[in-house]
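Written below as C-alpha cells is the structure these notes are about.
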Amino acid sequence: MDVPPEVPKEDGRPKWDNKFQYILSCIGFAVGLGNVWRFPYLCQTHGGGAFLIPYFIALIFEGIPLLHLELALGQCLRKGSISAWHTISPYLGGVGVASWTVSILVSLYYNTILTWVMWYFINSFQEPLPWSICPLNENRTGLNEECYESTAVNYFWYRKTLNITPDVTDSGTLQWWLVLCLAACWAIVYLCTIRGIETTGKAIYVTAIFPYVVLTIFLIHGLSLPGATEGLAYLFTPNLNILKNPRVWLDAATQIFFSLSLAFGGLIAFSSYNPSKNDCEKDAVTVAVVNSITSLYASIPIFSVLGFKAITGYWDCLDRNIISVINEYDLPEQSITRQSYTDWITFLNSSNPEKLAGLKLKSCDLQEFLDQSVSGSGLAFIVFTQAVILMPGSQAWAILFFVMLFSLGLSSMFGNIEGVFTPLLELQVISKSIPKELLSGIICLVSFLFALCFTLGSGSYWIDIFDSYAGSLPLLVIAFFEVIGVAYVYNIKRFSEDVKWMTGRKLNVYWQITWRFISPLLLLIIFVAFVTLQIQKTPSYAAWNPKYEHFPMKEQKVYPCWVQAICVLLAALPCVLVPLVALIHLIKRMCRSKDPSLVPPEMFSCQEVKKRNILSACK
C-alpha cells in the first residue's frame, strides 16, 4: 500500500518553503560563471550558430537525462550523495564519496574566483577606474615599464590583483588584499549556508534572480552601442563546415555536462529535500532548458559589448593611420574620413607606393579585432573590463558587472557546499549533537585555510590546474557510474516504477533509451576523447613573465614532474574512490559470510525507503 503523499516532515528532514525556491536553487547551482564566460567563447570559436546544433543534441541525449536521473534519485531516497548510492548498493558507495570529494576540491578554488571578483568590485568605485591608466614608475619619471609594455588592464590584473610569479614553482608570498577578500567571501558563504537549505533557500531569491536583471540591463545598453550588430553577427553567423571537426562535438558535450553541474552531488542533495510526490521529470526539463536559454541570453549582451570594443579599436587604428597620412602628405584636416580611408590608401598606393610604405601603417581589419576571442578569467578580468573603460559611466557598468558575476558564483557555491554539507550530516561519524551552524562553520573555516594557497603569487596557476584536472575528468567517471548504477545495478525497471510512483506518470521510451544506452555511450565516448586529447599534448601553462623576450606575450612552459604528478593525483583520486570502496565492501563480505549492512539492492525501492523513514520517525 502506497504511503499518502501528505506526510509532513516524515523523516525529520528540512523541506523547501515552496517549489519555486527549489527550482531557483537548482537553476542557481547550474547557471554559473561558465554560462557567461565559456559558452559565448565556444560559440564564437566553433562556427557561431552552427555550434548550437551539437550543443542541443548533447542537451537532449546527455544533459536532460542525467539531470533527471540525479533529481529523481535524490527525491526517491531522500538522502545526500554518499548515503543515496550506498543505499542502492554498498558497492556503489564510492560514487557518492567521489562526488563529495570533487565538491570539496572545486569549492576551494571556485570561491577564490569570487575573491577576484570582490577585489574588482571594490576597486570599481574609484575614479578613474584603476585598470584604465598606467601608474608612474618608482622614480616618477615615466610610466611603469611592465604596464607600458603591456596594457593598463593587463597590469592591474597580473600585477595589482594576482601579483603573479613568472613560474608555477615560484610560490611567491600571500597577497594580503586577496586574503582579506577570501576571508570575506567564505564569511558570506558561511552566513548563507549556516543552516543548509533553511538559509540558502532565502538567499537564493537574490543570487539567482539578480544576474538576470543585470544581464537585461546590459542587453538594453549593449544593443545601443556602436559595433553591437557586428559583434552579434560574428557570434551567431553559422559556419557549418566546422561541424566536421570532432573537437566541436566534444566541446559541446562537455559544456552541457559541466554547465548543468552534474555529478557534484549538489543536485541530489537539493532534490532530497523535496516531498516524495513531486514531478521531478518536469523539474529536470525546466532547469536544463532555463540553463541553456541563459547561456544564449548572456551571449547577446557579452558580444554586443565585445563588438563595441572591436569597432572602437578598429576606429582608433584607422584614426592613427589617417593622422599619419595627413601629416606626411600635408593634406587638409578632415580630408580623409574613416569611410574614405580605403579609397585614399588605394589612390596613394598607386601614385607613390614607396612614400606610403615608408609610413609603416598598421593593418586595420575589423575581423582581426573580432577574432580576439578569450574565455574564462581572461574574458571577465581583461577583455570585458577593457570594454567597460570605453563605455560612458564606466564605474556604474563595472559595479553592475562584478556584482552579477559574484551572484552567479555565489549561487553555484551553495550547491557545492550543499554537496559537502548534506552527506556529512547523514554520516554516522558526525555526531548528531553537533549543531548545523558549527558544522557549516568548520567546513568554511577549513576550506578557507586550504584555499590560502590560491592567494600566493602562483595561486592562479594552481587554480587552472584544479579546474583542468579536479573539475573535469572525475565528473565524467562519476556520471558514467551513476547512470550504469541506476540502469543496470538498481535496475531500470524498478527505477521506472519509482519515478512513476513519484510523478504519477509512466516513463516514456525516451528516458528508457537514453538511460540504458545513449547517455552511458556518450559519456564513454567523451571520456575516451578527453583522455586522448590530454595524452597527445604535454601538460603546459602560459606564464606571465615581464622578462620574457616576447613580452607581453605569455611564455609557454611545461609543468615540472612533481606538478604533473599532482595533476594526475587530482584527476585520479576521485576516480579511484569508486572501485576502492567497492573493493572494501567485497573484502568485508568475503571476511564475514553474513553482514547485515550488505543488503541486496533488490530489496530497495522508493516506497520502502519512505516507509522506513516514517517508521523510524515515529519511534
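Cβ from N, Cα, C; glycine included.
What TrEMBL annotates here:
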type	residues	note
BINDING	Gly28, Ala30, Val31, Asn35, Ser259, Asn291, Leu408, Ser412	Na(+) binding site
TRANSMEM	20-39	transmembrane segment
TRANSMEM	51-73	transmembrane segment
TRANSMEM	94-122	transmembrane segment
TRANSMEM	174-192	transmembrane segment
TRANSMEM	204-228	transmembrane segment
TRANSMEM	248-270	transmembrane segment
TRANSMEM	396-417	transmembrane segment
TRANSMEM	438-463	transmembrane segment
TRANSMEM	469-492	transmembrane segment
TRANSMEM	513-535	transmembrane segment
TRANSMEM	562-587	transmembrane segment
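Of the ranges 94-122, 204-228, 469-492, 513-535, 562-587, the one with the most Cβ pairs under 8 Å to the transmembrane segment (174-192) is 94-122.
Panel annotation: around the transmembrane segment (396-417), residues 25, 28-33, 35-36, 103, 106-107, 110-111, 113-114, 117-118, 120-121, 124-125, 129, 188-189, 192-193, 200, 203-204, 206-208, 210-211, 214-215, 217-218, 221, 261, 264, 266-267, 269-270, 380, 384-385, 388, 440, 443-444 of the same chain, lying at least six beyond its termini, place a Cβ under 8 Å from a Cβ of the stretch. Most Cβ neighbours within 10 Å, among the binding-site residues Ser259, Ser412: Ser412 holds that distinction in the structure as shown. Report note: the Na(+) site is defined by Gly28, Ala30, Val31, Asn35, Ser259, Asn291, Leu408, Ser412, and the residues of the same chain whose CB lies within 8 Å of the CB centroid of those residues, excluding them, are Ile27, Phe29, Gly32, Gly34, Ser261, Thr294, Ser411. Cβ neighbours within 10 Å of Asn35 (Na(+) binding site), excluding its own Cβ and spanning all shown chains: 25. The Cβ of Asn291 (Na(+) binding site) lies under 8 Å from the Cβ of Ile27, Ala30, Val31, Asn35, Ser259, Leu260, each on the same chain and at least six residues away in sequence.
Among residues of the same chain six or more beyond the transmembrane segment (469-492), those with a C-beta under 8 A of the stretch's C-beta atoms are 65-66, 69-70, 73, 85, 88-89, 91-92, 95, 98-99, 101-102, 105-106, 109, 254, 257-258, 262-264, 512, 515-516, 519-520, 523-524, 526-527, 530-531, 534, 567-568, 570-571, 573-575, 578, 601-602, 604. Taking Cβ-Cβ distances under 8 Å and a sequence gap of 6 or more within the same chain, the neighbours of Gly28 (Na(+) binding site) are Ile204, Thr207, Ala208, Ser411, Ser412, Phe414, Gly415.
The listed stretches are 51-73, 204-228, 513-535, 562-587; of these, 562-587 has the most Cβ pairs under 8 Å to the transmembrane segment (94-122). With a cut-off of 8 Å between Cβ atoms, the residues of this chain six or more beyond the transmembrane segment (562-587) that come close are 90-95, 97-99, 101-102, 105, 168-169, 465-466, 468-470, 472-474, 477-478, 481, 539, 598.
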